[in-house]
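Novice: Copied straight from TrEMBL:
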TRANSMEM  B:22-40  transmembrane segment
TRANSMEM  B:47-65  transmembrane segment
TRANSMEM  B:71-97  transmembrane segment
TRANSMEM  B:109-127  transmembrane segment
TRANSMEM  B:156-178  transmembrane segment
Amino acid sequence: MHLVYPAVLSVLLFCTGLYGVLARRNAILVLMSVELMLNAVNLNLVAFDVWLRDALHSGQALTLFTIAIAAAEIGIGLAIVLMVYRNRGTSDIDRLRDTAEGREPPGGPAPAEKAEATA
Amino acid sequence: MTLAHAVAQTGNGFLSPTGVEIAFLLVGVATLAAAVLTVTTRQLVHAALWLVVALGGLAVEYLLLTAEFIAWVQVLIYVGSVVVLLLFGLMLTKAPIGRSPDADSGNRAAALTVAAAAAAALVWVVVDAFRTTWIDLEGPAQGSTRVTGEILFRHWVLPFEALSVLLLAALVGAIVLSRRSPEGREGKS
């Protein structure tokens, strides 16, 4: 098989995930795009491992490790998103601007929310 | 040398694709289309379901690359658990069923520009670098369960065990993060 096919597919999947991370507003959709990017990297690892015929099969071992780390990441990420949703009532990443510099949020509910979040 | 070798061996080329290459291309187009729909659809639940299609297509690609064990791990972990977790997350954050007009943020044009530029640059580099490289898929499967188990437990035991500790830490962390502390009282642990 031509090595360009898996490599180009992996590149295109990665860029699709990149677009999703940058353009999506809901935090869970951002997590889905991150999964797409991780899968693109996995496809690259498997393709190059099969191409190089590595005796240790480093690519496949790393792919398994990446899959496990992605599972851990999605668990922690969803827990954080759910906690943010419980504290703020929204999971839109555009509206979580407490640590943004330069722009003060109008009105006074921000300190109260912060106190509630840290409690 | 690789090009001459490959051409002399099987007559490889862009104009004479093998059956595996045709299958890879077809599944790849379906996977890419599902991925694009995942990041562009306005219905949040549909995004998760298109993600299932994309991840399943990737599992088929692993099978075509003779990495059987990884393909089944992909099906079990990604399609089986990660998507279910994502659907639960959508449900628990009260995601709207049906079209939600604000699924995309305001910087869509910038995101499209960045993604298109990255895709163009990377495709150019990758095609230029690996234009004359062929994968030899003949011989015994390189990713069968036997091979993967042997290399994993012969050469990669220490990272494997460290990874299990990491998974345990992530599990405990997720439980601690998502535990609701009782009203009016601070949680002890």
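Note that Cβ sites are derived from N, Cα and C of the backbone, with glycine treated the same way.
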Novice: State the residues, same chain only, that lie 6 or more residues beyond the ends of the transmembrane segment (B:71-97) and have a CB under 8 A from a CB inside it; answer 'none' if no residue qualifies.
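Specialist: Distant contacts of the transmembrane segment (B:71-97): 43-45, 48, 51-52, 55-56, 58-60, 62-63, 143.
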Novice: Using a Cβ cut-off under 8 Å, which residues of the same chain at least 6 positions beyond either end of the transmembrane segment (B:47-65) come close to it?
Specialist: 20, 23-24, 27-28, 30-31, 34-35, 37-39, 41, 71-72, 74-75, 78-79, 82-83, 86-87, 90, 135, 137, 143
